[in-house]
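Just below is one structure, and these are the notes that go with it.
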Amino acid sequence: MQQNVVVLDNGGGLIKAGLGGDRDPSTIIPNCLYRPLSSKKWLHPSPSSDPIDLTSAAVRRPIDRGYLINPDLQRDIWAHVFSSILHTHHVGPAHSALLLTEPLFALPSVQRATDELVFEDFNFAALYVADSPSLTHLYEASRRPTGLISRAQCSLVVDCGFSFTHAAPVFQNFTLNYAAKRIDLGGKALTNYLKELVSYRSVNVMDETFLMDDVKEKLCFVSMDVTRDLRIAKKSGKENLLRCTYVLPDGVAHTKGFVKDADEAQRYTALDEGDDQSQKPGTSMDWDQAHVTEKIEERKKTDLTKNEFDLTNERFLVPEMIFHPADLGMNQAGLAECIVRAVSSCHPHLQPLLYQSIVLTGGSTLFPRFTQRLERELRPLVPDDFQVKITSQEDPILGVWRGGSLLASSPDFEGMCVTKAEYEELGSARCRRRFFH
Amino acid sequence: MDDDASNPLRRVSSRTRKVASKMVAALASTDNRTQAALARLEALENDNAGIETVEPNDEDDDSLDEDDQVYMQKKQSKSMKRKTRQAKALEARKAPKTFLELLHEANLESLPSHVPSYLKASVGPPISTSRRHFCTVCGSAAKYTCVRCGIRFCSCRCQNIHNDTRCLKFVA
């Protein structure tokens, strides 16, 4: 019996949902309900209809720190998602299977709540629970059938998502959970950190989650040399290659914020490694004096009535926290050390292979230069005779879902699922043993 | 202070009286500082920055018609009075547990040491790098520490801004 498989990557930030076998998910929406100022009710985010003004919208998320804590809310959101996917195909959940992603180390109570949701509230015929590292591995292995990842059947997946960051080795399509390591930092914490910085330094944006997400995505980048960039960020006038201005929405002419000058925002890419033109002694003094007048003009340009704010060192200090969570006061190692610890808890024969097949996935790896910086941090920590090779996915947000779609269309999939009858017979805990995690 | 009030005849210098309570706070300050730091980290996981709390049944109010309002107001005032213990208990039950509460309930510490779990998956403290300090005011490398609250700043200018805005907010 060929049945529909709904593939659902239930992330803390975005839900990616679609039918197994497709290349791209049909629905990508934020996994939350929000209440804009104009409304009293909590609304579902919908990509199709006219964009609602999200200024100061309150948010409710069913997922906290990566794990499902509010099944009632999740039920609402899933019902909304499924109605849009399944309605077009004229099948109910009762005739389809569900492939669901779940974070590593989900607590038994969270797993039970998820199973209840799937089988008792939605009546799915079958369920398979996968974790994101193995799906990412599957996708990367099938994309390059002759590459190392598919020949060696192992890879180290770094999933830097919305709620947290995992470095997990995958071997023959199974995540080695005893070696997986986690940093409790993800896109959500970074956005909140940026909010905090901007609110203290220029405009109060503590309520503007969606706006600051946009600022983070458009303007933040990973610095290759923090001390140098801090020096540059201190400069004034045109010398400061890092400053750029973001214009807040005014609710009349534009309802979305935007970067004032896109070229200005890209100037940091000119900071090539090694060649520090701005560091030549003498010139900087001349520049300062010559541009005093210009500085005043600049000041005039950013007047407060126009509701905009400048970002300088915030642009790279925010993503920096993934590499050095200790700077925030967290007692956790950075991403490079996290990878090293994950790899060294594996069998020694696997280690050289794992270092050569690091795969980056998750939305927070989209910061420009993330890969280069990681490589630079990782190299000194890895033994000299091992090669380090980091692959970034072409679309890190969808990578996990695509892996799920592949798995769902494979012939073995039906046999791997737990059916509703089995769930009713055995209960949640015993069904879960089949998934090996 | 209580001590003074209970026995007014006790002779203490005015300075002691003024400073005593502050000293107690200062002695506990390292703890306060770590608590403030933890609270700050906790705040990074918040969805809404404000005091936004969960309102489980706010939708009921929205479905009311305008005409019924007078009637409903009467009724509401009645129901508001009744909404004491039962309703509060109901609301408390309805509010979902936070992840940390669930984690505590799962009692992962009791698992044998070889079983991988959420707690063991966390990367430990950093070894190869140490904490860098950035100025909380302007973001550049911070050399100095505020003597009162322990927050970092980089220059005199930033110190002044810090003293005027954030200082001592975390302590006490």
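Just so it is clear, glycine is given a Cβ too, placed from its N, Cα and C backbone atoms.
Because TrEMBL annotations are produced automatically, they should be read as predictions rather than curated entries.
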Feature region 'Disordered' in TrEMBL, mapped to one of the ranges B:3-23, B:45-65: B:45-65
Secondary structure tally of the domain 'HIT-type' (B:135-167) (DSSP, helix then strand then coil): 10 helix, 5 strand, 18 coil
Mean per-residue pLDDT computed across the domain 'HIT-type' (B:135-167): 87
